[in-house]
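Pulled from Swiss-Prot, these are the features on record:
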type     : residues       : note
BINDING  : His267, His324 : heme binding site
TRANSMEM : 20-40          : transmembrane segment
TRANSMEM : 104-124        : transmembrane segment
TRANSMEM : 135-155        : transmembrane segment
TRANSMEM : 170-190        : transmembrane segment
TRANSMEM : 205-225        : transmembrane segment
TRANSMEM : 233-253        : transmembrane segment
TRANSMEM : 265-285        : transmembrane segment
TRANSMEM : 296-316        : transmembrane segment
TRANSMEM : 317-337        : transmembrane segment
Amino acid sequence: MNILPRINAIEKTDANHHAIAWWLIGVAALVFIMVVVGGLTRLTESGLSITEWKPVTGALPPMTEEHWQEEFDLYRQIPQYQLVNKGMSLDEFKTIYWWEWSHRFLGRLIGLAFFVPFVFFVVTRRVERALVPRLIFLFVLGGMQGVLGWWMVMSGLTDRTEVSQYRLAAHLGLATLIFGALIWTALDLLNGKSTRLLTGLAKAAAAILALIFLQTILGAFVAGIRAGLIYNTWPLMAGAFIPDGLFAMTPVWHNFFESHLTVQFQHRMTAYLLLLCVVWHWWAARKTAAAPSAGWLAVATFAQACIGIWTVLWVVPIPLGAAHQAGAMVVFGVAVWHVHRLAK
């Protein structure tokens, strides 16, 4: 029996898996960059500078001074200009416009970077039929993210001077999930498909991953209401570890999403809990094959906590705020890799 054709088929399949996996990792890297640019867009208060959603014609920026003036006139009609940026010059407007345009451009680039290779892999039969639905689902999620981004921007165009923190959290949350799904799918192709979390250690890692995602969402609420600009001391807040007034708003649930004090407090407390869980998990995994990834998760989480403290103490300077945003994605990505190692 000649086994050479079978060996060649296996080698071809492995080569295809590696090509598709690295393509997905490349798309994940673009998503990472887009999230960081999105954070910079928020930190520079640039997110409302483009007041229309034109998925196709909006791909090109203004090319003439007349077109720039038209965009500026649209911006001057919204509350953010009238109440916050009254008197802004055209040159100042161009600065914030370029941040938002770059963020949207990256979204379009990610769509092309996903769609074109996907069509190529399907047409050349390099992608297995069972993987096609998952890839289509990822593409649909990307489209939904674009719609969600515009829905978020809309919240700041009428009676607000900033976007809704609820919609901001949804926008960042979906971006984080897409980022994680791209990495997970790539790891499936590189290392063999992971289907179940069989051990207690694997289930603990999955729980930590969920906690990291929750902490990312809580961070979006901190950013959305600019809670990081006050209570700029550590480890105390308002002179106490557990400050008074955490539930001053009524109804009570509003405090968790709208109170500057409570929103920052819960982000801090969740950070402490997460750091403790990650250190405990690293200790539990130190003699297993997953020790390296558990160690990297501990290092990334500790570094992110330090950046977060530094960001608060320095009253959210733009470079540190962006680094903290990037750090959240790094921690989430490392956690996805770690869970995948344990799930095999």
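Each residue, glycine too, has its Cβ placed from N, Cα and C.
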Near the transmembrane segment (317-337), which same-chain residues lie under 8 Å Cβ to Cβ, leaving out any that are not at least 6 residues past its ends?
28, 32, 35-36, 38-40, 43-44, 176, 179-180, 183-184, 187, 205, 208-209, 212-213, 215-216, 219, 223, 228, 293, 296-297, 300-301, 303-304, 307-308, 310-311
May I ask which residues of the same chain, at least 6 positions away in sequence, place their Cβ under 8 angstroms from the Cβ of His267 (heme binding site)?
Gln215, Leu218, Gly219, Phe221, Val222, Ala227
His324 (heme binding site): tally of other CB atoms within 10 A of its CB:
23
Recorded stretch, among 20-40, 104-124, 170-190, 233-253, 265-285, maximising Cβ pairs under 8 Å relative to the transmembrane segment (296-316):
265-285
Between 20-40, 104-124, 205-225, who has the most Cβ pairs under 8 Å to the transmembrane segment (170-190)?
20-40
For the transmembrane segment (205-225), the distant same-chain contacts (Cβ-Cβ under 8 Å, at least six residues beyond its ends) come to 39, 42, 162-166, 168-169, 171-173, 176-177, 197, 257-258, 260, 263-264, 266-267, 270-271, 273-274, 277-278, 281, 290, 294, 297, 301, 321, 324, 328, 331-332, 335-336, 338-339, 342
